[in-house]
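**Q** Please find one structure pasted underneath; my questions will follow.
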Amino acid sequence: MLTELEKALNSIIDVYHKYSLIKGNFHAVYRDDLKKLLETECPQYIRKKGADVWFKELDINTDGAVNFQEFLILVIKMGVAAHKKSHEESHKE
């Protein structure tokens, strides 16, 4: 039986593959597909930055695609923001 963390990790991998496989590559999410991913999977976290800004920030090796390791940067930043928001909401109560 998987732990909650293992389930969450599998979910992250599944989301990445959902968008990487649009163009048939397990290892690359391209600019237009990253935009779809951001708009669909994490709309509240892209308000301040557009998809093009995110793409430039995430495509560290400048190969024109976001690989899984680069994608994890987005996941970490979203996680930090969600954690911060959870504390802000708990202080409002």
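Each Cβ is built from the backbone N, Cα and C atoms, and glycine gets one as well.
Here Swiss-Prot flags HIS17, HIS27, HIS83, HIS87 as Zn(2+) binding site. Feature annotation from Swiss-Prot assigns Ca(2+) 1 binding site to ASP33. The Ca(2+) 2 binding site annotation in Swiss-Prot covers ASP59, ASN61, ASP63, GLU70 and is backed by sequence analysis. If you look up Swiss-Prot, you'll see 12-47 marked as domain 'EF-hand 1', on the strength of a curator's inference. Taken from Swiss-Prot, the feature domain 'EF-hand 2' applies to 46-81, supported by sequence analysis. Per Swiss-Prot, the feature S-nitrosocysteine maps to CYS42.
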**Q** Least buried of the binding-site residues ASP63, GLU70, going by other Cβ atoms within 10 Å?
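**A** Output over binding-site residues ASP63, GLU70: least Cβ neighbours within 10 Å is ASP63.
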**Q** Would you list, in sequence order, the residues of this chain other than ASP59, ASN61, ASP63, GLU70 that have their CB within 8 A of the centroid of the site's CB atoms, where the site is the one recorded for Ca(2+) 2?
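**A** Result: LEU58, ILE60, THR62, GLY64, ALA65, VAL66, ASN67.
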**Q** With DSSP, how much of the domain 'EF-hand 1' (12-47) is helix, how much strand and how much coil, in residues?
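**A** Each residue of the domain 'EF-hand 1' (12-47) counted once, the result is 26 helix, 2 strand, 8 coil.
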**Q** Could you tell me the C-alpha distance between HIS17 (Zn(2+) binding site) and ASN61 (Ca(2+) 2 binding site) in angstrom, no decimals?
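**A** Pair distance, Cα basis, whole Å: 20 Å.
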**Q** Could you find out if DSSP has ASN61 (Ca(2+) 2 binding site) as helix, strand or coil?
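**A** Its secondary structure by DSSP: coil.
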**Q** ASP63 (Ca(2+) 2 binding site) to CYS42 (S-nitrosocysteine): how many Å between their Cα atoms?
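**A** With the alpha carbons as reference points, the distance is 24 Å.
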**Q** If I restrict to non-local contacts, at least six residues apart, and a C-beta distance under 8 angstroms, what lies near CYS42 (S-nitrosocysteine) in its own chain?
**A** LEU74, MET78
**Q** Reported as an integer number of Å, what is the Cα distance between HIS87 (Zn(2+) binding site) and GLU70 (Ca(2+) 2 binding site)?
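**A** Taking the Cα atoms only, HIS87 (Zn(2+) binding site) lies 27 Å from GLU70 (Ca(2+) 2 binding site).
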